[in-house]
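TrEMBL has this to say about the protein:
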- 265-279: domain 'Glucose-methanol-choline oxidoreductase N-terminal' (DOMAIN)
- 507: active site, proton donor (ACT_SITE)
- 551: active site, proton acceptor (ACT_SITE)
């Protein structure tokens, strides 16, 4: 979000913007080439966050990668451009946030978007799947390039299997409806390079990287913010700057002539507020500035579970060692081929009553069904396809990825929520300064309904797997966990399997929730001002009052565009 905000504010020639970035340049191969994004996890470009042991997931500690790099997580994620259901944003407005209905958010979705017309060749294969979209819902003049890129033949087979199971094909999941099986739009440039928010918004001539001479936008790399500086005069609390450690570990202060804009994400923003004395209670050794019980509360995330199949036919992942050289050359010379793909090209956005009606009927009869979707056109779950297999939950490719495919369920509207807090780090020898670490507890499956939904959706995934196994161009059988080891009829085994193997799809939100002052968990108002502290705003995914049923990069950019206009 910070890249967008800085760029938009600097359109006014009288404005100077300082961007404090903890990471460094995004001009690295693992950020530029879409298929290499997996190599960013646990690298120096990742904050390397971890959850606390998850009580309802067998005590497991899960990784929470976030981008410690220019452009934030948009420089390391899977580049999936999905906005969610219209009613998700209407619900935001209904929670006391005027101006946040879908109709009022749509212009801010379109403003940054430079949609690549799919009628122009961007794939070796053409056809209705690639050429159809709804132009009314898209922008074409923005700097952020979005469109349909290279697509595996296997992804088409996934779409066909869904249609055969009664799932309607949706030519544009960012159009009039989000429901159905679709080809995912991705933020990748026409030349096959990731269109990160840094690359899209902060590569102009007015940028002064490294914090040298004063420029309209000045970027300081390696800046780790310690706290927000505040003062109280005549009862009015005001933010006036920040304190940070530079790349030499020297403590510095910078003062803001207008506002401090916090764009540190769903983990970083509540951390910095808490470390600055703004939060639910006093922290030892931190002067308390303002009480806001919602800081760090309301953490919502999308949990995922994958089922892996071994194909009877070898399909092209580009990772087959015999194809590696031509694959690399095709990408280097033409910006084309599998390396220009994010690897996750197809998805189905589904309602439970359409795919597991018996489960819904049973839950309703028992009085245990919980409707968390924002409306009848909002999906409950997403199923995505990888035309290969990851090991260790997406951290590395399997040994022979071209022999596998994975079908993955993501729970879009969880009932469970968690917290972000801070605690003192172990002090370095000879240091008197207290450093704080981020404590992340998503509290996955604290509401057992979430677990039952994920386990039940696996049964539908297996139907898709059986369809694909009957296709002579795909074939294969389930190898993880295997239907004999974890049969559909044994709900207890299914749920145990999910608890032991689930992971996040990396969409943390809600920890600085937007809402009116009457909302006990609200941290910012509908114009993103922090309640009770002047000249301080939060503009990132943490302000989402309820997690939307989509990949969260697109709505975060929309929030940044809208927040820029507020300022």
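Think of each number as a place in line: the chain as shown, counted from 1.
Just so you know, glycine gets a Cβ as well, placed from its N, Cα and C.
Caution: TrEMBL annotation is automatic and unverified by curators.
The separation of residue 507 (active site, proton donor) from residue 551 (active site, proton acceptor), Cα to Cα, is 7 Å. For the domain 'Glucose-methanol-choline oxidoreductase N-terminal' (265-279), the mean pLDDT of the prediction comes to 98. Look at the domain 'Glucose-methanol-choline oxidoreductase N-terminal' (265-279): DSSP puts its residues at 11 helix, 2 strand, 2 coil. Within its own chain, residue 507 (active site, proton donor) has 301, 302, 541, 547, 551, 552 as residues 6 or more apart in sequence whose C-beta sits under 8 angstroms from its own.
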